[in-house]
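Trainee: Dumping the structure here so I can ask a few things about it.
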Ligand code: ADP
Ligand code: MG
């Protein structure tokens, strides 16, 4: 009966392996050379085992005493064919004094089973070979799955540009992007990747940003538009004036993040690797005890020791105890989760952040650039002794070296080229405004705080919107009323958060109360704190953190340089990747590639799914393991069941882990 089952099983395995081998020849399979080689070995070993199984025993008996050795030799050959690398690794482990690993478990168990069959003269070597065989099948499967999810991440790596085209004497030269200096004009032909961040100097086209943002809609660009590296040029020829070095460009940044992501381990991963480190030796000694103690006790009380039975149970115990499923599937789940998130345009810098993200209960937002577009329109100029045009000129010049969205908007509103040599002594007061000498005249542009600080009387404005008070030559020169537009997706984004299990939404801003309250109300944000300086934002977040009870985590979402300290302080910092300042992206744990606030809820959902998978796998793997260990110790499980349970659990756990990659419909 068992013979028949074994034969059928081996037959199926051989067929399956053969099928996979054929599939491996198609380029779609993405199998590596090594995987193909191992697969071939698996098929060969299975076929040989099947053959040995099917040969009639009379054949060897006919050879007389030599038959025993021939048979043993053939089985041994098969065993070595499938297991030589495991044996070598186990030996290496012993040599390096890192004895207790999976290879060691497998080597001891199979060599033991072989020896047992030899001494007990049962001639049943199949079991030892099968254990090795199934272990290899599991290993192969795992390496294929890991490769698949890794590839999903490296598809992101695929954004790495190989060259940049530089025009020289009317000819296009392909150069290493690393060698292109800032301000060089590079040419991006249709079908090519944009290698370096820059501004379109000539031409128009549409760009495929899918690799960066997960957004499949192409983005139209024309002269003067900023474009980021990693996009693919779909149509027209573009000449791009680079604004950054390659190493500082979006592509390099993203690649750094992704490459480092796996080095930041989550608590569950830490737990598993610590667990494995203690677990394996404990299991080995338990197996030793199982092999020695019962027979010795039997001897003491004068009963038959039954060495063979107890050694067999101990070996079975070893096979069962192999912690593969756990050790493999947990990091793989996180890996797949990070990969899935990056496909959706959300970069998560490590599995620990995925874990924290899944426990987010409070989301705190910065206003400008995060919930609003950060592109201000000038609505009016009030109480100014100067002409509007002139006031705007002063404002634009004073702001010429600030990177705040307000300053960029004022420069745009003035609309003329800025002669920076007219501006000296620039001082920026984070969260208040700027002061500078324009043509030698002191100019200040900022909010009430700045005016109070400078001791200048100002007119309070009752219009809605953000107010930029101006002082020229030490005297009040009126104010500019500007207004920002909320991002079209912002309202939906806030609503989606509640849906993703977030209890509380908070907005912090340096803007004045009137503008802040209006935005918060229109978006449905629960709490607003306005007129905060950057330090005030940190304080508020710390206050909120202290108040947090239980396991709920706090996420802060921001975009500006002045948000960097808060991003670092929150349990989890989320930065806007496209508009956001480098400092914010650096300080954040999660980066939204397309600045779409709806991705916050999406990221939380992705993390929840990933963590759910992790816990499912932990419970499932440990559960089955414990059950099998008990059965094994009681002598109710044989080695067949053991290896089946182990490989089966592992395959299921790995398949489950891969689910974390699929996040489209979350
Ligand atoms: P938010 O918290 O909304 O991102 P910030 O903290 O960057 O805003 O700025 C708060 C306020 O400080 C702005 O609303 C503006 O009134 C003033 N401010 C900051 N930087 C500047 C600047 N460069 N020019 C003028 N005003 C500024
Ligand atoms: Mg901001």
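From the backbone N, Cα and C atoms, a Cβ is placed for every residue, glycine too.
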Trainee: Tell me which range among 68-87, 88-107 TrEMBL lists as transmembrane segment.
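Mentor: Spelled out, TrEMBL records transmembrane segment over residues 68-87, not the other listed ranges.
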Trainee: Of the ranges 206-231, 232-257, 310-335, which one does TrEMBL flag as transmembrane segment?
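Mentor: Transmembrane segment, as annotated by TrEMBL, spans 310-335.
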Trainee: As a test: from 38-56, 68-87, 282-304, 612-634, pick the stretch that has the greatest number of Cβ pairs under 8 Å with the transmembrane segment (310-335).
Mentor: 612-634
Trainee: Other than its close neighbours in sequence, what residues sit by the transmembrane segment (6-26), given a CB gap under 8 Å and a spacing of at least six beyond its ends?
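Mentor: 35-36, 39-40, 42-43, 46-47, 49-50, 53-54, 126, 130, 133, 137, 640.
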Trainee: Give me the mean pLDDT over the domain 'P-type ATPase A' (160-259), rounded to a whole number.
Mentor: 85
Trainee: Cβ under 8 Å to the transmembrane segment (68-87), counting only same-chain residues 6 or more beyond its ends: which ones?
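Mentor: That would be 41-42, 44-45, 48-49, 52, 60, 103, 106-107, 110-111, 114, 118, 123, 125-126, 128-129, 132-133, 135-136.
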Trainee: Do any residues of this chain, six or more beyond the ends of the transmembrane segment (282-304), have a C-beta under 8 angstroms from a C-beta of it, and if so which?
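Mentor: For the transmembrane segment (282-304), the list is 100, 104-105, 108, 310-311, 313-315, 317-318, 321, 633.
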Trainee: In the domain 'P-type ATPase A' (160-259), how many residues does DSSP assign to helix, to strand and to coil?
Mentor: 20 helix, 36 strand, 44 coil
